[in-house]
Amino acid sequence: MKFFTALAAVGALLAPAVALPTPASEASHNQTLSVRLVRAGHTMVRAIVTNNGERPLHLLSFNTIMDENPTSKVDVSHEDGGEVEFLGMLPRYDLSDLTEDLFTRLAPKDSVEHLFDIATVHDLKWDGKYTLTARGAIPVAEDGGTDIIDHVYYESNALEMDIDARKAAMVPRAFDDYFSKGLDKRRPLDICNPMKEKALRAALQDAQKVATEAAAAAQNNTEKVFEFFRARDPGTRKEVSKRLASISGVATMDGGSVTWFCSDGPRRCSPRIIAYTFPARNEVHPCSLFWQLPHRTNECHRQDRIGTVIHEGAHNPNAVTPHCKDHGYGYNRATALSHQRAMGNADNYALFANARQLVFCLLHLFLALPFIYIFANF
């Protein structure tokens, strides 16, 4: 009897590890944090972020409207329905061992403002009316802490801006100096030293294998597809499989449709960026953290070089169209996304492809069984 009591204890431990978060309507969570977009110039925007709650918020800015890097902060559409191309970067951040300086503390009823110019990272090539919206989730830690415990959702007002394309073109874009060099000059082979080239080729080759295996699994593993993409229908399984197969196809340094660099030519790496992608150019640049990651992790849902290749591959239009964005990082956030957002989130494909790592999570807990059994006999 005590054995089954102990087994039940293990089951209780396992339940949180394998239970799926319930996807929440992001709009319905828009009461704690509000974001108001205000025009501050011809193409300048001021985002006013307000804590409407009764408790302080400890907010992590990575890949949100508060990000200081030239990232996608707002969705931009033109009145004629034409696609507004994003010209900025999509970074993958290291979320381990976060430090206090990476957070913004927002007291109850307080606001913080962020000013940015949409012309620096968007191709505003048409005259006329543009509509801007911001929607997402910001990771939150306990006040004074650095462990992510939740996310607060935000959905802004729709800001309409009449823009003169010629004036917008005069705004220096974030990466004009770099892109003006041309691909040949941007990729000096001597920068890719033998050690880095070997590591990158190994990551690409194994990412090919992992993504190919995941593409096959997506066709048949209905529950695993539901776990990561919130749908079981054949159409979803087929699309997930197709995208993973395409990601596998671009994971090569030998004449593929995505260019994998060995260096940070644009000089946009920071201490927390693992790698970043320019979707407008189908280019991926690793940072120093990429080389420090393990080739293949044996920890639950941890970042490694193989997963980073799959994640970054999903950001490139030559692999996935439309390219995936960063709606959420990590297992808990990724599996809490709605179906539509999960299908467009790069980390969901990396996590799905590496889902076999869940075995390690279960193994660690099963190893605790003897200790639980002993405890149950006291």
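A Cβ is built for glycine as well, from the same backbone N, Cα and C atoms used for every other residue.
In the disulfide annotation of Swiss-Prot, Cys262 is paired with Cys192 out of the candidates Cys192, Cys324. Each of Cys269, Cys324 is a candidate, yet Swiss-Prot gives the disulfide link of Cys287 to Cys269. The sparsest Cβ neighbourhood within 10 Å, among the listed recorded positions (Glu312, Asp326), is found at Asp326. Of all the recorded positions in the list His311, Glu312, His315, the shortest Cα-Cα distance to Cys287 (disulfide bond) is found for Glu312. Least crowded of the binding-site residues (His311, His315), judged by neighbouring Cβ atoms within 10 Å of its own Cβ: His315. For Cys262 (disulfide bond), the number of other Cβ atoms no farther than 10 Å from its own Cβ, over all displayed protein chains, is 22.
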